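**Student:** Structure provided below as structure tokens; questions to follow.
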Amino acid sequence: MHLLPVLDATCKETPRVDNADLVEDMAGPYLPGQQLNFQCHEGFDISGPPVVTCEKGKWSELPKCEDATCPPPPRISNGEVRGSLKEKYLPLEKVHYRCFQRYSLVGPYAIMCVKKQWTELPLCEGILSLP
């Protein structure tokens, strides 16, 4: 009977995931069944399980960290974004709008970046003036 040494089943290299870090950085080699936990950098969402397991000398499927930022917010008619614009906005970041004179804001005054998209935009409607 021939037994393979346990070392043959170890995972020798630390797996790498773009735009992510290990929650606990442990040095290899890694034993079968040993698990590592990944966390995406700010502005990235994890796709797939964040925990990987050493199995028969290989790592289980690695997660991916996908860009979750939003582009600059859209312009609205008869209004503008309050403050300065940026190139990218992080998830859950808010932007506030205001209307020009003689226009009234209808809907939310702030929108939020959620999964690479902005929530519902407000409208600026003309205020009727009485003679």
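Backbone N, Cα and C define each Cβ position, glycine as well.
Pulled these features from TrEMBL for this protein:
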type	residues	note
DISULFID	CYS11-CYS54	disulfide bond
DISULFID	CYS70-CYS113	disulfide bond
DOMAIN	9-67	domain 'Sushi'
DOMAIN	68-126	domain 'Sushi'
**Student:** So, by DSSP, how many helix, strand and coil residues make up the domain 'Sushi' (9-67)?
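**Tutor:** Split into helix, strand and coil, the domain 'Sushi' (9-67) gives 1 helix, 26 strand, 32 coil.
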**Student:** Tally every other Cβ atom lying within 10 Å of the Cβ atom of CYS70 (disulfide bond).
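**Tutor:** Around CYS70 (disulfide bond), other Cβ atoms within 10 Å: 23.
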**Student:** As a test of the contact definition, list every same-chain residue at least 6 positions from CYS54 (disulfide bond) whose Cβ is closer than 8 Å to its Cβ.
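**Tutor:** Spatial neighbours, sequence-distant, of CYS54 (disulfide bond): THR10, CYS11, TYR30, LEU31, PRO32, GLY33, GLN34, GLN35.
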**Student:** Just how many other Cβ atoms lie inside 10 Å of the Cβ on CYS113 (disulfide bond)?
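**Tutor:** The Cβ of CYS113 (disulfide bond) has 22 Cβ neighbours within 10 Å.
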**Student:** Tell me the coarse DSSP state (helix, strand, coil) of CYS113 (disulfide bond).
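**Tutor:** Assignment for CYS113 (disulfide bond) reads strand.
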